[in-house]
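Database features (Swiss-Prot):
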type	residues	note
BINDING	H122, H126, H132	Zn(2+) binding site
Amino acid sequence: MECSINNQQADYPVGEELLSTLNRVLQAAAAAEGVAGEAEVSLTLVDDAAIKELNRTYRGVDAPTDVLSFALEEKGPDEPAYADPGGDKLLGDIIISVPTAVRQAGEYGHSLARELAFLAVHGFLHLLGYDHDTAAGAADMEARQEAILAGVGLRR
């Protein structure tokens, strides 16, 4: 899977090691979910002002959030999360607020790398149609996220 990662914020330094970690965790998520072939995902790191604007525009919430996902294809309730159609497939865009991730990493007592990786996996699963609107959906997403992160050595 091809990952395009863009840092569009200047509040916090994001070095090559962190970018490599994000690519690695997205590749692990793709492998765990059976995403193969020429699939593509875009991950953009932004500041709170940028994500607040997106959140207001697309969700009607006038506040910053940690992660937003914009899937190119919406999944119905009975559709599989991912079905490889063969050929190129742009899954969608993941947008993460780095300042919010920094705050959350402090609150949860883990590294920024771990928090950004968690948010990237969370956003990726949303692109595949996973959601946490129900207790069962939330439990499934949580289990998948933790398994993927543990698989790349990013435990809580």
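Cβ atoms here come from the backbone N, Cα and C positions, even for glycine.
Values in this document were obtained by computation on a predicted structure and should not be read as measured data.
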Intrachain C-beta neighbours of H126 (Zn(2+) binding site), sequence separation six or more, cut-off 8 angstroms: S69, A71, I94
Which of H122, H132, the listed binding-site residues, has fewest other Cβ atoms within 10 Å: H132
Collapsed DSSP category at H122 (Zn(2+) binding site): helix
